[in-house]
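A.B. asks: Here it is, the structure in full.
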Amino acid sequence: MTKKYILALDQGTTSSRAILFNEAGEIIGIEQKEFQQIFPKPGWVEHDANEIWASVLSVIAGVLLKTNVEAKEIAAIGITNQRETAVVWEKESGRPIYNALVWQSRQTAGICERLRAEGFSEMVTEKTGLLIDPYFSGTKVRWILDHVDGAQERAERGELLFGTIDTWLIWKLSGGKAHVTDYSNASRTLLYNIYEQCWDDELLKMLNVPRAMLPDVRPSSEVYAETVSYHFFGEEIPIAGAAGDQQAALFGQACFEKGMAKNTYGTGCFMLMNTGNQGVKSKHGLLTTIAWGLDGKVEYALEGSIFVAGSAIQWLRDGLRMMKSAKESEGYATKVTSADGVYVVPAFVGLGTPYWDSDVRGAVFGLTRGTSKEHFIRATLESLAYQTKDVLQAMEADSGISLKTLRVDGGAVANNFLMQFQSDLLGVSVERPTVQETTALGAAYLAGLAVGFWTSKEEITNNWNLEQKFSAEMEETDRAKLYEGWQKAVRAAQAFK
């Protein structure tokens with residue numbers, strides 16, 4: 001029987017998904033399962049790593065059943081994951097010693113404050129391209145070792161293992177044979193030197209994390225291990241690709257050339273620009289990260305994070321009850337010709353790139369007696385585009401590259417009004433692909449390349465199909481005036497603390 005499919009496991013923040021792709025990069029089937037979010041205290045977010053594993057097994061079985069595909073028809077498995085989320089488990093039993101600490105969780109804020117006070121900020125950014133922030137894995141590992149009795153000593157003796165979610169899943173699928181991560185996930189831990197490509201002694205010492213816990217760092221496209229047959233319907237299938245979700249989306253969007261960029265419009269927005277084999281050190285509040293390791297080379301990216309995007313539309317729907325479904329936002333927005341001077345700054349949890357202001361809160365400016373629900377909804381949608389322009393300006397300033405085209409994916413890209421406004425505001429074309437599951441597709445491509453299912457990046461580029469292109473129609477003067485209003489609104493929101 002021929003190997004016809006690649007299985008992508010997309011392990012996200014609220015659900016796990018299994019997606020089958022064929023050789024053309026088309027979706028054959030999807031299965032999804034949500035799992036529990038654990039909030040022990042305000043600002044803390046945890047997951048049960050065993051429940052994540054159970055959800056992954058469930059969606060693998062579900063997608064094979066739904067599509068009538070047999071396990072032996074799968075050429076390889078690729079994994080993409082919510083990044084930074086940290087798991088610590090016992091090497092012998094495979095039992096996690098504590099819940100996984102999720103990327104969103106702020107429970108390590110105290111550790112971060114101490115590190116900043118001790119003057120580590122510059123060294124950390126210099127080596128990792130990141131900031132000292134609870135977002136990244138390193139302080140999460142420290143927290144678990146501090147809060148579980150005897151964990152530090154056990155870790156030093158080599159009895160405990162640490163991994164991001166990709167590492168946990170590869171370890172489980174391989175029956176404990178492979179304790180590995182890829183370059184892209186390692187680059188999000190705060191423990192990895194992205195320029196020398198190694199776990200860094202100075203960073204490990206800063207957080208007192210024992211080297212014995214750490215996974216091997218491997219290329220993003222390589223056979224790491226095979227599934228143990230009892231976890232995979234009697235088959236030993238190569239586990240052959242891994243990348244963090246945003247890097248996988250960059251790969252799935254075929255952004256292989258230096259200067260190509262994608263923006264994912266999900267709960268938040270994540271914009272990544274490929275900077276080639278040079279890590280660009282940001283002076284404008286961006287993160288420098290590894291995009292992937294492939295063919296013996298590491299490629300880098302600049303990343304901008306917008307905390308609130310699609311969740312602002314959910315707020316209109318659930319919090320303000322302005323509409324019944326997020327889809328309706330487009331209809332409301334197009335009933336008016338402009339937002340009539342209204343600006344929504346959706347800083348519900350602070351502002352990300354380029355401001356990194358965690359104290360600012362949401363604000364609305366420019367309301368008059370004539371402001372309608374339609375204006376309000378339109379202004380909220382426009383805020384996603386304004387925040388994206390903030391990030392793009394920082395990227396262009398850091399990289400010296402002028403973007404010509406932005407490739408987009410994520411739930412909110414179905415909104416044609418938003419995509420057109422985004423193009424108008426940036427003054428560049430916005431391209432929406434036919435296959436919008438680009439994160440899973442990226443993981444599938446990485447795995448497929450490792451086993452010869454696809455042979456080159458050129459083949460993948462040829463698979464990329466345009467569904468719709470949005471071209472800028474706005475006059476430069478109008479664009480500048482609108483954006484100036486946004487900048488004024490952000491400054492005013494920041495002043496109100």
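Going from the start of the chain as shown, residues are counted 1 onward.
Each Cβ is built from the backbone N, Cα and C atoms, and glycine gets one as well.
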A.B. asks: Besides THR13, ARG17, THR267, GLY411, ASN415, which of GLY310, GLY366, GLY370, GLY452 does Swiss-Prot list for that ADP site?
C.D. replies: GLY310
A.B. asks: For the glycerol site that Swiss-Prot assigns to ARG83, GLU84, ASP245, GLN246, which of the candidates TYR135, TYR192, TYR300 is also assigned?
C.D. replies: TYR135
A.B. asks: Please report the distance from the Cα of THR267 (ADP binding site) to the Cα of GLN314 (ATP binding site), rounded to the nearest angstrom.
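C.D. replies: THR267 (ADP binding site) to GLN314 (ATP binding site), Cα-Cα distance: 9 Å.
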A.B. asks: Identify all same-chain residues not among ARG83, GLU84, TYR135, ASP245, GLN246 whose C-beta atom falls within 8 angstroms of the centroid of the glycerol site's C-beta atoms; report them in sequence order.
C.D. replies: GLN82, THR85, TRP103, ARG188, GLY244, PHE270
A.B. asks: Sequence gap of 6 or more, C-beta under 8 Å: which same-chain residues meet both conditions with respect to THR14 (ATP binding site)?
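C.D. replies: Listed in sequence order, they are GLU34, PHE35, GLN37.
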A.B. asks: For the sn-glycerol 3-phosphate binding site, please report the maximum Cα-Cα distance among THR13, ARG83, GLU84, TYR135, ASP245 in Å.
C.D. replies: 15
A.B. asks: Can you list, in sequence order, the residues of the same chain other than THR13, ARG83, GLU84, TYR135, ASP245 whose CB lies within 8 Å of the CB centroid of the sn-glycerol 3-phosphate site?
C.D. replies: ASN81, GLN82, THR85, VAL102, TRP103, GLN104, ARG188, GLY244
A.B. asks: Helix, strand or coil for ARG83 (sn-glycerol 3-phosphate binding site)? Use DSSP.
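C.D. replies: It is coil.
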A.B. asks: Between the Cα atoms of ARG83 (sn-glycerol 3-phosphate binding site) and GLY310 (ADP binding site), find the distance and write it as a whole number of Å.
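C.D. replies: ARG83 (sn-glycerol 3-phosphate binding site) to GLY310 (ADP binding site), Cα-Cα distance: 19 Å.
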